[in-house]
Amino acid sequence: MKIETKIAKFTKPLYLESGRILEPWQIIYETYGELNEKKDNVILITHALSGSHHAAGMYEGDRKPGWWDGLIGDGKAIDTTKYFVISTNVIGSCFGSTSPMSPIHPGSSERYRLKFPVVTIKDMVKAQKILLDSLGIRHLKAIVGGSMGGMQALRFAVDFPGFCENIIPIATTYQTKPYVIAINKSMIEAIRADSEFKNGNYDPDIIKQNGLKGLAAARMIGYLNYISPKTFERKFGREYVKTDGMFELFGRFQVESYLEYNGAMFPKWFDPLSYIYILKAISLFDISRGFVSLEDAFSQIKDKLHLISFSGDTLFFPEEMRDIKNYMDKVGGKCNYFEINSDYGHDSFLVELEKFDFIISDILKGEV
């Protein structure tokens, strides 16, 4: 599989939903496979909260492959012998696209930090569309994304009707609910409460080296909602860390050790400000904003919508995706709904690929 990483730089302003602008700005992306002569074999991959453009394959020195490697590649569900796959890093993220830690002016040593404008899912999608236009791509075979990536897929369908043959949102919602907004708020405040966050004026190199307890705590909060109680039970039970005494005040169960380790590792590769800004974008997501009603928003969709949810998702509940199906039926849209039986939790879209990869394969073959 041919893999390339590129950065597209733009000097024309990116006008944001808030009324503010980014100028100049850039977006980093990864491609897999070969673009055909007609440029009609393109699939766009959109990532979740802490994801990146590196969705598949491995580079020299990588510890593990891209986050959807089991789905993308030669002979896989998203077959790179047939399709040219583009995976972008969203505006606001910390892997190479314009973000809070980007220079506030070209050549400046001053970074945006908290002066960075609030970005929305709509802004992320607008940036992706500008990228595709710059590549001469006028139509997509499919857009596939899970969680926040599914929000981007839905937003694309509403904002650019007819641009894509198949829209495949996975484990997502049409409107972030108060429960998730509350979770996101808890994570944001955990970061802000850490004195080493310094109101966004931290040294990123020091954070990568020493970590940030507030971001680690935020990540632990997140894990409680990405993995189901049954999965925690299966993986850890009530086992205690062998080196810890059971009656030590800070002695740990295995599950506590797991949360501590993953929380501590997270700041070494993900930026605290990017985490805050992307959480805010997720909280703000509402597909009906700018429209008279939800029905009005969904009536804009002219493409085939294929919804994939998981029965045990406790972040974006399957009922929310069933609501999308109901709205699409009301407005006479083309929509399929698949509910996967799983008790793993929200992160099923990352770890249980074998339960839905064949659905994506069939969609791309035109068999659904």
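Don't overthink the numbers, they just go from 1 along the chain as shown.
Even glycines carry a Cβ here, placed using N, Cα and C.
Listed in Swiss-Prot:
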type	residues	note
DOMAIN	41-352	domain 'AB hydrolase-1'
ACT_SITE	S147	active site, nucleophile
BINDING	R219, D347	substrate binding site
ACT_SITE	D313	active site
ACT_SITE	H346	active site
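Projection of Swiss-Prot feature records onto the structure.
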| residue | record | Cβ neighbours (10 Å) |
| --- | --- | --- |
| S147 | active site, nucleophile | 27 |
| R219 | substrate binding site | 23 |
| D313 | active site | 30 |
| H346 | active site | 23 |
| D347 | substrate binding site | 21 |
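The DSSP secondary structure for D313 (active site) is coil. Across the fold, the C-alpha of D347 (substrate binding site) and the C-alpha of S147 (active site, nucleophile) stand 9 Å from each other. DSSP assigns R219 (substrate binding site) to a helical segment in the three-state reduction.
Ranking the recorded positions R219, D313, H346 by Cα distance from the residue listed as 'active site, nucleophile' puts H346 first. Computed over the domain 'AB hydrolase-1' (41-352), the whole-number mean pLDDT of the model equals 97. Across the structure, D313 (active site) and R219 (substrate binding site) place their CA atoms 18 angstrom apart.
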